[in-house]
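Chemist: Among the features that TrEMBL reports, repeat 'WD' is placed at 50-83, 92-135, 136-177, 321-352, 367-401, 421-454, 467-508, 509-550, 551-582. Taken from TrEMBL, the feature domain 'U3 small nucleolar RNA-associated protein 13 C-terminal' applies to 604-736.
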Amino acid sequence: MGTPLFPFPPPSSFLSIHSSFPPQILVTASKALLLKQWDWKQAQCTRSWRAIHNVPIASMTFDPTATLLATGGCDGTIKLWDVVKQYCTHNLKGSSGVVHLVEFHPDISLLQLFSSASDCGIRMWDLRSSQCLCVLQSHYSPVTSLAFTPDGASMVSSGRDKICTVWDLKSRTARRTVPVYESVVLLPEDEDFSEIGVKTKEIHFITAGSKGICVLRVWDASSARCVFAQTLPSPPSYGDPRSLTYCLPLPSSLRLATVTAEHNILLYQLPSFTTQQQFVGFNDEVLDVKFLGKGDTHIVVATNSSQLKVFDLATSSCKILYGHTDTVLSLDVFKKGSLFVSCAKDKSVRVWRQDPDSGQVSCVAQGCSHANAVGSITCSRMKESFVVSGSQDCTIKVWDLPETIPETDGDMFQLTARVTEKAHDKDVNSVAVSPNDKLLVSGSQDRLAKLWSLGAPGADLALLGVFRGHRRGVWCVQFSPMDQVLASSSADGSVKLWSLQDFSCLKTFEGHDASVLKLIFVSRGTQLLTSGSDGLVKLWTIKTNECVKTLDAHQDKVWGLHATRKDDRVVTASADSNITVWTDVTEVEQAEEQAKQEDQILKKQELSNLLHEKKYLKALGLAISLDQPHTVLKVIKGIGEDGAKQLEKTVLKLRQDQKESMLRYCAVWNTNARSCLDAQAVIQVMLTHLSPEELLQYQGARAHLEGLIPYTERHMQRIGRLLQASMFLDYMWQKMRVTGAPAR
């Protein structure tokens with residue numbers, strides 16, 4: 001069903017991760033002082049070993065040949081490992097404090113390693129003698145990154161003191177100090193970067209840093225001048241979540257990878273600095289999720305933040321949408337899939353449009369008139385004509401959309417509420433629109449669900465009825481896509497099905513141990529899918545009131561639940577930060593079952609033919625492959641009709657795995673008086689021709705043989721009693737005289 005893409009241990013257990021280049025080996029260091037080497041393509045750990053460090057590892061790096069691995073520890077030591085021969089080659093001591101940075105010189109023939117620790121100096125180590133050649137002093141705060149020129153003659157270092165230093169490694173002196181930000185990456189010298197202001201062949205480098213710095217800058221090292229600064233869609237602010245903390249060059253594809261303060265990874269294409277892909281490293285608590293796009297190719301996710309995240313399901317690439325100023329609570333998508341709506345704690349609702357060609361998403365409309373957080377939102381089902389929101393201010397608002405919705409956020413439309421209705425006495429948790437856009441249902445913390453008539457455009461809401469029966473607050477309400485019923489889920493752990501005709505409760509589904517947070521109709525309204533605070537997702541068949549499937553893939557509240565328009569996939573999202581996409585495999589399983597049954601019929605026919613032709617060995621092997629003890633017993637009886645010699649000859653020709661199955665079947669047959677003689681005949685053949693040592697090597701042989709003993713003793717006692725009875729009958733026969741018969 002749903003399977004994690006990378007089933008590695010959770011990121012919180014890793015202290016340092018590093019891969020070789022090209023990326024063939026992945027090594028991780030954990031708090032348990034273990035180093036693990038992974039086959040990242042197969043997502044399997046190939047080996048693990050103790051790091052020897054007395055405290056956790058703070059930094060790691062591979063040499064250019066990917067045969068040496070350097071680890072810097074919090075104990076001030078650096079250790080080098082031969083990855084191929086699997087042993088520690090060096091133990092470098094002398095650093096003060098945590099060694100938070102290690103880098104090999106690009107020229108492997110020099111066998112030099114550079115490191116930086118808490119003393120802010122850069123140490124140059126000679127690996128031949130294991131001695132520190134010198135300490136380069138220039139920074140007044142910890143050094144964050146090192147970058148080398150292709151010829152290895154120069155090095156650029158950056159630190160948290162907001163300066164970059166260009167070093168001449170031959171003279172081991174600082175050539176120039178450039179006041180910039182933190183992380184530094186050198187631009188490739190053999191590429192044309194004239195379009196971003198690089199006019200000379202001097203050393204140029206890219207910088208990115210934290211403390212509110214969200215832009216990438218290109219600097220000329222010779223003149224200490226910024227020649228290019230990246231432009232952002234919106235101006236950055238201090239503490240912006242887009243702040244960059246690390247850069248990593250990808251020279252083979254001429255790209256640059258950056259890490260943001262929110263642990264997101266962005267891939268930029270050089271020299272244009274356009275964003276190619278974005279990977280989100282941490283989702284926090286996921287509050288809602290919906291499929292998006294014409295073919296449900298994307299999902300839009302509301303997490304415990306003011307940003308929305310749109311994931312491409314094919315590539316896992318993510319786009320982050322900015323607009324709300326507080327936590328986004330709920331989402332809904334229009335029928336065509338390119339327009340969706342969101343609501344948040346900032347008391348606003350927003351309408352977003354996704355471009356079907358480029359995949360770009362922009363906010364095209366906004367409405368702000370609620371007095372409190374907006375906790376639920378839904379949209380019209382037939383046309384893109386209106387939006388309904390429910391708020392913690394106990395009101396429901398209907399927002400009409402313009403006939404022509406703007407294409408971009410440059411000319412954002414300001415929504416005004418057509419209708420405002422005080423609907424409940426407590427928070428409105430859920431709202432839903434009927435498939436024909438004529439009815440509206442709302443569910444509230446006041447334990448009630450209410451049915452409203454939307455009426456014609458411009459008309460007010462009219463209350464049609466109230467659904468009473470839940471013992472605690474109502475979390476979710478949904479209309480059936482086919483019948484005139486609706487479903488509601490509650491914090492009392494139940495799901496109820498209601499009639500729209502007389503507002504009576506038709507069915508109650510109970511099975512969750514905690515609040516039922518979300519529900520949807522699937523399989524054309526014949527089934528319900530529910531998710532709860534217990535982390536479970538349950539599939540219910542409405543006709544039988546039966547829970548036919550329980551999906552257990554989350555460890556916390558499952559807030560998000562949505563199905564594609566074709567009902568072939570479902571996405572769930574939970575407070576445990578996990579988003580799981582499930583595929584409906586009912587048809588596949590049915591096809592497999594049908595194919596299996598057809599195969600069984602063909603094999604049974606073949607078995608009958610083999611027995612008729614007296615091809616006993618093939619018949620017995622085929623019967624064992626069916627794994628049906630009763631069928632195998634029929635074959636044994638058929639072989640037994642030709643005498644014990646035929647049975648012995650056939651059993652001894654079986655493979656070992658087939659003999660193991662025969663021994664297992666005999667233990668079953670021996671429990672029944674009708675089949676015990678056949679079981680004993682097979683066991684006699686095995687015990688006669690197989691040594692005890694050979695027999696005990698069979699899987700489960702000891703347990704099967706021990707299971708044979710008590711039933712065999714019972715059969716012996718029964719046969720003894722029958723023998724005594726038969727002898728008595730024989731005696732009586734001898735003494736009997738038939739009237740008119742001559743005496744013997």
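Each residue, glycine too, has its Cβ placed from N, Cα and C.
Computed from a predicted structure; not experimentally measured.
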Chemist: For the repeat 'WD' (367-401), how many residues does DSSP put in helix, in strand and in coil?
Modeler: 0 helix, 20 strand, 15 coil
Chemist: Any contact between the repeat 'WD' (92-135) and the repeat 'WD' (367-401), i.e. 3 or more CB pairs below 8 Å with pairs at least 6 residues apart?
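Modeler: Answer no: the repeat 'WD' (92-135) and the repeat 'WD' (367-401) share fewer than 3 Cβ pairs below 8 Å.
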Chemist: Under the DSSP assignment, what numbers of helix, strand and coil residues are found in the repeat 'WD' (136-177)?
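Modeler: Looking at the repeat 'WD' (136-177) with DSSP, the answer is 0 helix, 24 strand, 18 coil.
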Chemist: What is the pLDDT of the repeat 'WD' (551-582) when averaged and given as a whole number?
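Modeler: Looking only at the repeat 'WD' (551-582), pLDDT averages out to 92.
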